[in-house]
Protein chains: 2
Amino acid sequence: MSIQKPTLPKGTRDFGPQVMAKRNYILDTIKSTFKLFGFQQLETPSMENLSVLTGKYGDEGDQLLYKILNSGDFLKKVTAEKLSKGSNAVLPLVAEKGLRYDLTVPFARYVVMNRNDITFPFKRFQIQPVWRADRPQRGRYREFYQCDADVVGTDSLVCEAEIILMIKRVFSELKLNDYSIKINNRKILTGISEVIGEPGRESDLCVSIDKLDKIGWEKVREELEQKGFSEASIEKLGPIIDMGSKDKFEFLQIFLASSEVGLQGLNELREVFDLLGSFKEDEEFVDFDVVLARGLSYYTGAIFEVKVNNVSIGSVSGGGRYDNLTGVFGLEGVSGVGFSFGVDRLYDVLEELELFPEESLKSTTLMVAHFGEDALSHGLNVLTEARKLGISAEIFPDDAKMKKQFNYADKKNIPFVIIIGSEEIKSGEVTLKNMESGEQRQMGLQEALKQIKQSV
Amino acid sequence: MSIQKPTLPKGTRDFGPQVMAKRNYILDTIKSTFKLFGFQQLETPSMENLSVLTGKYGDEGDQLLYKILNSGDFLKKVTAEKLSKGSNAVLPLVAEKGLRYDLTVPFARYVVMNRNDITFPFKRFQIQPVWRADRPQRGRYREFYQCDADVVGTDSLVCEAEIILMIKRVFSELKLNDYSIKINNRKILTGISEVIGEPGRESDLCVSIDKLDKIGWEKVREELEQKGFSEASIEKLGPIIDMGSKDKFEFLQIFLASSEVGLQGLNELREVFDLLGSFKEDEEFVDFDVVLARGLSYYTGAIFEVKVNNVSIGSVSGGGRYDNLTGVFGLEGVSGVGFSFGVDRLYDVLEELELFPEESLKSTTLMVAHFGEDALSHGLNVLTEARKLGISAEIFPDDAKMKKQFNYADKKNIPFVIIIGSEEIKSGEVTLKNMESGEQRQMGLQEALKQIKQSV
């Protein structure tokens, strides 16, 4: 076999030790928050039957699904005639399975398949990779992690309030202080479309309004005109766009007076704010944003989006309430609310703001360096004693110059080195070096370990 | 769209909350041990280029690789003529990527691609799923986790000793006490094949001897005869098989006297035992098993296998030293040693021995139950206070009968419930119920939280 230079598939990444440590810092923070709020972990297989995946993400989504070639003689059902009909006709003959595209559809499948064993309301979180055959570009990968939490089987607005509190806790733990949680309700958007005289067109309206931040009102206006919204309707939308810092609830109570569903959305939103009050949590960080729409069309109630301020990437988390998660699999009436943290984006934000704590970058706490073979075997007992105390420890395994051993400790960001040489063997003491301060001192082993233990 | 009954692909599994909690108990134990020994985490993509995967696992392995269909018009290079040549000829035209088959080849690829940035010796661990298009059967899945740790870039036998200590620690943490770590050295097997007069045939010898436990000496003997081993050679093998509890080192020192490589293997093994002594760790649990061979042919030095005694599934972990991990990718001389925990098997063993601790099955610590709407909003503050103390807590989000709320707590294995009703609102106290003892008492909120905190 000839030797090839190994490569990585486009749009995929290795996560080396440094990056993994940082990613784990984020994921552990999120996980511990989910657990603190009573969510339980679920994992589903990477492979799903294409019958489960296809048709759930729109035509574009179907194109972006990774399909797995059937095993063995995958062509056995493909005739020349079938071949002449092209890839779309041949696909079902050669591929039965695909890779997970998101965590929501597998979750819905799981709920339907296990409906008799699940105790509802079911609070689940799921942190797993998903795959999309998208064009790779900066910040967009073909394999990336999603990090979802959902509550299904209840329409209690307590869940909405809890989600906001979870987001808040994660950000506070990550020392991210300058951010805002935007919240809206899809029913308010429905109400607005009724009031402006374009009932039932909230989807079109939402898609356009969603771009307001990016392209501005004039462009949104043009787009709405192109979509056939009447000038009168667009005119009526004006006050909403200009609403600014007026009391939004007061304003919308009047604006939506003629729309039952709009008022219902407004009431739901008001209740979420009231519930936040009952939690005795400061609600200032939550911003009612009446033009927040988000692209996904399956939200039916609350809609969330979290933006970090003053960084190049803004939106790092989002979600909302949906009324019919599992209908597509034959189980009606399962309402739920969920949201998703963008791990890659949070990573970039923490990197940009230099918020990864130093501890998250440390690997081993202690390395044992040694002169000569006797010193090595002497050093092994140091490892045993250190690990007994829970201090992560390693020894440089080869006979090597001190410089090389210290270089290793340095590169691996190890904060303490214990040095063993003939002198240490004779005296029964060890030399402890603090790699940050450079300070170096001889002492008894237990004393050295005590000092290390205290400083981590 | 018609509604289909959703299904799971054969050989794959969902891991619901209970199973996840147990799996995490195992994986967290392994991870913390890896870290304690200075190993760092690596993750590689699920998808690899087929050029990286193909040819690394033998012909059978190539068949078991899952291939991913190229995106878009995957047939564009497939002519009717190509089609007539069958699946193997068409495969390279329709699939460029495959799913990870193990963690070793991606690790080797990573080392080669990042050789200039890695500080050697490189101690990495990796816990990720792998995929094999194998026939599913009890205990064999098409998607399963591997859990590997390797040290590369050193041939120090300290690494072998450390691996044994890691295995020992994991088992001790999992309260698995009745097990044995078998160790051998591939060079001893090479030496034996030299001594019996079949030099260079250690691969054939190993494959057969590996089955000794399963099929017995007579069958192994037959197999060796079929493979063309002379009767004289097989006769010479006899004392090895019968060696029993003799001092193996003493015996082999004589048996292997004429084989340089055999003696080298014996010395290496002796040094590993000496090093274990220097760690001041009891080495009784390590069993030098001269017929331990393991199937994989790429081991060149130490070979490990861990067996749990008195359970239906035995071998739960294995590994060894290899001299040339990365040669296939053009980087020669990278020696390493590693091993792998079988997570699914450990799971089954702990289940069989009922060793999962109760704590590993608990989810939320506290549920707030409530009568009526006022009580619900009153209860939200209880959540806030509990979470401040790090107590995982949730509230039943709907107005529901007490029975339903308690049923939920019960099913979710929640040990404490705080009950809020009109009486509690009036008195400012709460009712704390211990779900295990059934005991129920009224007290101040902080006192209740203190009691909960103390008992977890």
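Cβ coordinates come from backbone N, Cα and C, glycine included.
A TrEMBL annotation is a machine prediction, not a hand-curated record.
Fair warning: this is a prediction, and the values are worked out from it, not measured in the lab.
Copied from TrEMBL, the annotated features are:
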type	residues	note
DOMAIN	A:1-397	domain 'Aminoacyl-transfer RNA synthetases class-II family profile'
BINDING	A:ASP102, A:LEU103, A:THR104, A:ARG132, A:GLN146, A:ASP150, A:ARG294, A:TYR298, A:TYR299	L-histidine binding site
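This view paints the features noted in TrEMBL onto the structure.
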{"residue": "A:ASP102", "record": "L-histidine binding site", "Cβ neighbours (10 Å)": "17"}
{"residue": "A:THR104", "record": "L-histidine binding site", "Cβ neighbours (10 Å)": "22"}
{"residue": "A:GLN146", "record": "L-histidine binding site", "Cβ neighbours (10 Å)": "19"}
{"residue": "A:ARG294", "record": "L-histidine binding site", "Cβ neighbours (10 Å)": "19"}
{"residue": "A:TYR299", "record": "L-histidine binding site", "Cβ neighbours (10 Å)": "23"}
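DSSP assigns A:THR104 (L-histidine binding site) to a helical segment in the three-state reduction.
Note on the domain 'Aminoacyl-transfer RNA synthetases class-II family profile' (A:1-397): its mean pLDDT in the predicted model is 92.
In this structure, A:GLN146 (L-histidine binding site) is part of a beta strand by DSSP. Between the two most distant C-alpha atoms of the annotated L-histidine binders (A:ASP102, A:LEU103, A:THR104, A:ARG132, A:GLN146, A:ASP150, A:ARG294, A:TYR298, A:TYR299) there are 22 Å.
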